[in-house]
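Novice: The structure's right below; bear with me while I get my questions together.
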Amino acid sequence: MGGLYSEYLNPEKVLEHYNYTKETLDMQETTSRKVASAFIIILCCAIVVENLLVLIAVARNSKFHSAMYLFLGNLAASDLLAGVAFVANTLLSGHVTLSLTPVQWFAREGSAFITLSASVFSLLAIAIERQVALAKVKLYGSDKSCRMLMLIGASWLISLILGGLPILGWNCLNQLEACSTVLPLYAKHYVLCVVTIFSVILLAIVALYVRIYFVVRSSHADVAGPQTLALLKTVTIVLGVFIICWLPAFSILLLDSTCPVRACPVLYKAHYFFAFATLNSLLNPVIYTWRSRDLRREVLRPLQCWRRGKGVTGRRGGNPGHRLLPLRSSSSLERGMHMPTSPTFLEGNTVV
């Protein structure tokens with residue numbers, strides 16, 4: 001094992017693995033590649049700004065300090081960090097890749113895996129919360145904030161461990177025949193294990209939402225009311241967008257784990273699949289704010305304050321420091337604002 005870790009600072013190891021798994025090493029900085037990198041960086045900056053606005057909105061307004069919004073904020077935090085990780089990955093790609101040491105390469109790729117893991121576990125937590133809220137179960141008790149934070153902390157700890165396994169030793173250094181083509185320093189078995197775990201979790205989430213849907217459709221009174229159906233629709237949209245964005249990347253990684261080296265040319269185009277997957281982190285904040293008028297108002301407030309600071313006053317401008325006023329119901333998502341709530345979340349304020 002000591003011999004393995006001694007290779008972590010060897011600057012020639014990355015080149016050795018790329019030479020083995022790639023047919024050609026096209027690392028030149030062409031104009032098209034520079035344009036693509038610039039576009040991805042701009043996209044990631046938008047991801048960071050959007051999710052930061054969601055986090056600020058959730059943190060600054062006590063109206064959103066419910067279980068559901070804490071999990072929503074956790075998902076926004078993972079998306080924000082994903083944007084940062086994608087920027088770092090882009091800046092350290094291309095010709096820069098071959099100058100990295102293995103430990104730097106593991107840090108570059110591991111950060112993306114950690115944020116992806118956090119997103120998957122956040123979706124699982126949201127699904128469980130929906131089930132708990134539907135069953136009216138008092139899950140968190142009097143110290144609910146502490147327990148929810150512990151749950152969120154545990155999800156990040158598991159994500160760190162899962163994303164850090166390669167740097168801890170589960171890699172293919174000195175075992176070229178076991179290497180992934182898409183991620184040349186990762187062992188194929190590790191890639192297969194991670195994708196399998198994510199796929200099983202996502203299937204479990206889908207099954208849970210199907211169960212919730214049938215329970216809601218077969219129930220009466222407030223359980224099957226428009227408020228509950230609107231919440232179910234929102235979480236379904238969030239989950240559906242995640243699956244649509246990440247399914248191509250998961251598929252290419254599954255193919256990578258079973259395909260012999262240099263036998264599947266499509267694997268050399270994997271970066272397009274991962275670029276498409278980044279759209280998920282961009283779309284999530286749009287979904288939150290589209291489905292909740294209150295959250296949309298709170299998210300846009302910093303932008304309105306900035307415009308006032310620039311001397312541009314909107315028609316409904318006012319004191320930047322005023323409190324968030326109650327909103328009139330304008331959709332099924334807000335009609336249940338004063339319905340009885342369960343201990344796990346505030347029905348009128350939940351967006352997912």
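The backbone N, Cα and C atoms fix where each Cβ goes, and this holds for glycine too.
Quick paste of what Swiss-Prot says about this protein:
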TOPO_DOM  1-34  topological domain 'Extracellular'
CARBOHYD  Asn19  N-linked glycosylation site
TRANSMEM  35-59  transmembrane segment
TOPO_DOM  60-66  topological domain 'Cytoplasmic'
TRANSMEM  67-95  transmembrane segment
TOPO_DOM  96-109  topological domain 'Extracellular'
TRANSMEM  110-128  transmembrane segment
TOPO_DOM  129-147  topological domain 'Cytoplasmic'
TRANSMEM  148-173  transmembrane segment
TOPO_DOM  174-189  topological domain 'Extracellular'
TRANSMEM  190-210  transmembrane segment
TOPO_DOM  211-233  topological domain 'Cytoplasmic'
TRANSMEM  234-255  transmembrane segment
TOPO_DOM  256-271  topological domain 'Extracellular'
TRANSMEM  272-292  transmembrane segment
TOPO_DOM  293-352  topological domain 'Cytoplasmic'
LIPID     Cys305  S-palmitoyl cysteine
REGION    333-352  region 'Disordered'
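Mind mapping these onto the model and telling me what they sit next to?
Specialist: Taking DSSP states H, G and I as helix and E and B as strand, the topological domain 'Cytoplasmic' (60-66) has 4 helix, 0 strand, 3 coil.
For the topological domain 'Extracellular' (96-109), the residues of the chain that approach it from at least six positions outside its boundaries are 7-11, 13-15, 18, 25, 27, 88-89, 166-167, 171, 173, 183, 185-186, judged by C-beta separation under 8 angstroms.
Beyond its flanks by at least six residues, the transmembrane segment (148-173) meets 1, 4-5, 7-8, 13, 17, 67, 70-71, 74, 102-103, 106-107, 109-118, 121-122, 124-125, 140, 179-180, 185-190, 194, 197 of its own chain at Cβ-Cβ distances under 8 Å.
Sequence-distant contacts of the topological domain 'Extracellular' (174-189), counting only residues of its own chain at least 6 positions beyond either end whose CB sits under 8 Å from a CB of the stretch, comprise 3-4, 7, 13-14, 16-18, 20-22, 102, 105-106, 109, 166, 252-253, 256-257, 259, 261-262, 264, 267-268, 270.
Within its own chain, the topological domain 'Extracellular' (256-271) has Cβ neighbours under 8 Å at 20-23, 93, 177, 179-183, 188-189, 191-192, 195, 249, counting only residues six or more beyond its boundaries.
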Novice: Going by DSSP, how much of the topological domain 'Extracellular' (96-109) is helix, how much is strand and how much is coil, in residues?
Specialist: 12 helix, 0 strand, 2 coil
Novice: Between the Cα atoms of Cys305 (S-palmitoyl cysteine) and Asn19 (N-linked glycosylation site), what distance do you get, rounded to the nearest Å?
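Specialist: Pair distance, Cα basis, whole Å: 53 Å.
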Novice: Answer yes if the transmembrane segment (110-128) and the transmembrane segment (35-59) have at least three CB pairs under 8 Å among residue pairs 6 or more apart in sequence, and no otherwise.
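Specialist: Result for the transmembrane segment (110-128) with the transmembrane segment (35-59) is no.
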Novice: May I have the DSSP-based helix, strand and coil counts for the residues of the topological domain 'Extracellular' (174-189)?
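Specialist: In the topological domain 'Extracellular' (174-189), the DSSP-based counts are 5 helix, 2 strand, 9 coil.
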Novice: Within the topological domain 'Extracellular' (256-271), how many residues are helix, strand or coil going by DSSP?
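Specialist: Looking at the topological domain 'Extracellular' (256-271) with DSSP, the answer is 10 helix, 0 strand, 6 coil.
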Novice: Determine the Cβ neighbour count for Cys305 (S-palmitoyl cysteine): the number of other Cβ atoms within 10 Å of its Cβ.
Specialist: 14
